[in-house]
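Here is what TrEMBL records for this protein:
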- 136-153: compositional bias 'Low complexity' (COMPBIAS)
- 163-178: compositional bias 'Low complexity' (COMPBIAS)
- 24-128: domain 'Phytocyanin' (DOMAIN)
- 127-178: region 'Disordered' (REGION)
- 1-22: signal peptide (SIGNAL)
Amino acid sequence: MDKMLIVFVTLAVTSLVQDTTAQMVHVVGDNIGWTIPSSGAAAYTNWAAGKTFSIGDTLVFNFMTDSHDVLQVPKTSFDGCNSQNAIGNPIMTGPANVTLDSTGDHYYICTFGRHCQNGQKLAITVSSTGTPGANPPTRSSPITPVVPSPSSSNQPEACAPTSAVAGPSSSISAPPSSSSSSIVLASFLLSLSSIALATFL
């Protein structure tokens, strides 16, 4: 009876520790990346609507250097699409990783030309931890921007990231995944640990 109690407590504690330490990497805009969206600001509003953002999560803004930037601003600057009272300095090199380190509303804009006025801005709300019972956010896979061949086109699509490119990306580090394969592996290891504990105790 004591062995079963030890096994149960070990499983419960291990499950809780794994669940509370998971952090998410969110690729802003998913496949469209950080660019002037063809559907306007609704693109980033819709993207953020189904996600939960927590302290420790990372936002990945995929954009080409010299085509866009990322600047965190207060709400008034976000609404007016200006860089007054900026929170920090603009990130000029893409892709850019931003680690969420405080709760509350966070606002990001692109300061290039009229990009913000054309919808390249993001508003999110960061909580201290994920909401219990909420659907877990989906992990967005990092996407490396592809440098287009030189052309005379100044269309926003010319600087949008396309599909993932083979090869390592030194600027994007993904924390442990909460995907189903990780859950299966964790379950297997926990079962194996339980058997070992029961055998040796």
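Just so you know, glycine gets a Cβ as well, placed from its N, Cα and C.
Source: prediction; values computed, not measured.
Taken together, the residues of the domain 'Phytocyanin' (24-128) have an average pLDDT of 95. Sorting the domain 'Phytocyanin' (24-128) by DSSP state (H, G, I as helix; E, B as strand; all else coil) yields 17 helix, 35 strand, 53 coil.
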